């Protein structure tokens, strides 16, 4: 069950990253604090993404709490790196994001996957 809690946490934190990114693009910069607060108070575009992005982080932390009670930290922490892969792929494939694809990035993602698989590879006891 700890594995599932960790995967829920990874999914939530990945979605939260994407929501926060879209919110930050839509909201005015914090250097103009008055405009930023007005956007928040009047529920301008970006406000909902900011709210749900922060909520996603909170729910992810709750899932992470349950995951850490049921999984060794070394395995649970390795699963967090899957979030990098999800966010990278979503930023490339989701319409409107226009993130460029680089072969070098794909190599990095492949190394991350290999690392996670190595950590989760069953160890034969003698």
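Cβ from N, Cα, C; glycine included.
Look at Swiss-Prot and you will find 22-47 tagged as topological domain 'Periplasmic'. Sequence-remote contacts of a segment are chain residues at least 6 beyond its ends whose Cβ falls under 8 Å from one of its Cβ atoms, and for the topological domain 'Periplasmic' (22-47) they are 53.
Counting residues of the topological domain 'Cytoplasmic' (69-76) by DSSP class, helix then strand then coil, yields 6 helix, 0 strand, 2 coil. Per Swiss-Prot, topological domain 'Cytoplasmic' is recorded for 69-76 (among others), and the stated evidence type is sequence analysis.
Mean per-residue pLDDT, taken over the topological domain 'Cytoplasmic' (122-126), amounts to 78. What Swiss-Prot records for 122-126 (among others) is topological domain 'Cytoplasmic'.
Panel annotation: around the transmembrane segment (1-21), residues 49-50, 52-57, 59-61, 63-64, 66-71, 76, 79-80, 82-83, 86-87, 90-91, 94 of the same chain, lying at least six beyond its termini, place a Cβ under 8 Å from a Cβ of the stretch. Here Swiss-Prot flags 1-21 (among others) as transmembrane segment, drawing on sequence analysis.
With a cut-off of 8 Å between Cβ atoms, the residues of this chain six or more beyond the transmembrane segment (48-68) that come close are 1-3, 5-6, 8-10, 12-13, 15-20, 22-24, 26-27, 40, 76, 79. Per Swiss-Prot, the feature transmembrane segment maps to 48-68 (among others).
Residues annotated as transmembrane segment in Swiss-Prot: 77-97 (among others). For the transmembrane segment (77-97), same-chain residues at least 6 beyond its ends with a Cβ under 8 Å from one of its own Cβ atoms are 3, 6-7, 9-11, 13-14, 17-18, 21, 67, 105, 109, 112-113, 115-116, 119-120.
Look at Swiss-Prot and you will find 101-121 (among others) tagged as transmembrane segment.
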